[in-house]
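Participant: Got a structure here, written out as structure tokens. Questions coming.
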Amino acid sequence: MQLIVVSGRSGSGKTVALRVLEDLGYYCVDNLPVNLLPQLIVSVESQYDKLAVSIDVRNLPASPDKLETLLAQVRNEGRVEFSSFFFDAENSTLLKRYGESRRLHPLSRNQLSLDEAIREETHLLAPLSSTADLRIDTTNLSIHDLSELIKTRVLGKKENELVLVFESFGFKYGIPKDADFVFDARFLPNPHWIPELKPFTGKDEPVARYLSSQPDVMQFILQIENMLATWLPHLERNNRSYVTVGIGCTGGQHRSVFIAEQLAGAFRLLGKNVQIRHRTLDKSAPQF
């Protein structure tokens, strides 16, 4: 049976994630007390082959060590194919979402302000965050974007196969929190300053032609390829499910997009399971 444990700070998108997983055929249980997880697996494994469980900060055991031990036991005992997703967003975004929804934070009942509750939740969820197979930062995601991202991550993964995600972004919007590696392309020649190239993106042929003619750009790409090709086998042997490679330039329109596309193409040719995401190409969609 496949098991996905969904966790994350309140307001980061867990409810959306569970709804998407239900649409994908998962039997979903919301806010399950963690100590009941082994019993739940036993009770439903004969009826369902896909199970998703959402863990809320209110349902954690008192001891972080007990939480880590229990999840490690479920992961290692071999009854299920275990994956864990952790959803998060910047503090300012969570504050904004709570202000707009007028909902009460789960920890606000403990006489904490909203800001204090968010910081306390960060501490309590640290064991889940640090051991997650996939971390998704929803700060700049619309509900549609988040739904599509979850579908891609779940459906695009074959059993025991590492998924290599290339993610372009603009530093002006912040570094993606889900990136395992981040490469800074801001020192490379910038098509933004060439009037006839400025309106295009790194996916368009005029920009691609210009950047591919720049020796520094191509050497940068080659060196990233070589580094990843060297260390991916070690990550695969370490049972990693996902490796996310962030490529950043100033605005996330030209250089980072081109480089991410080139790297994705190169590793597809090597037979890797590759996914690509351009975080800031279209920031006009309604945000989550």
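Each residue, glycine too, has its Cβ placed from N, Cα and C.
Residues or ranges marked as ATP binding site in Swiss-Prot (evidence: sequence analysis): G8, R9, S10, G11, S12, G13, K14, T15. Annotation comment: Swiss-Prot describes D56, V57, R58, N59 as GTP binding site.
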Participant: Between R9, K14, R58, which of the binding-site residues has its C-beta surrounded by the fewest other C-beta atoms within 10 Å?
Facilitator: R58
Participant: DSSP three-state call for G13 (ATP binding site): helix, strand or coil?
Facilitator: coil
Participant: With Cβ-Cβ distance below 8 Å and at least 6 positions apart along the chain, what are the contacts of S10 (ATP binding site)? List them in sequence order.
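Facilitator: Long-range Cβ contacts: D56, V57, L94, H105, P106, I118, E121.
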Participant: Please report the distance from the Cα of G11 (ATP binding site) to the Cα of R58 (GTP binding site), rounded to the nearest angstrom.
Facilitator: 14
Participant: So which other residues, same chain and not among D56, V57, R58, N59, have a Cβ within 8 Å of the centroid of the Cβ atoms at the GTP site?
Facilitator: N31, I55, L60, P106
Participant: List only the single closest residue to R58 (GTP binding site), chosen from the binding-site residues G8, S12, G13, K14, T15 by CA-CA distance.
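Facilitator: Sorting the binding-site residues by distance from R58 (GTP binding site), the top entry is G8.
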Participant: By a simple count, how many Cβ atoms lie within 10 Å of the Cβ of T15 (ATP binding site), its own Cβ left out?
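Facilitator: Around the Cβ of T15 (ATP binding site), 14 other Cβ atoms lie within 10 Å.
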Participant: Cα distance, N59 (GTP binding site) to G8 (ATP binding site), nearest Å?
Facilitator: 13
Participant: Does DSSP give D56 (GTP binding site) helix, strand or coil?
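Facilitator: For D56 (GTP binding site) - judged by DSSP and reduced to three states - the answer is coil.
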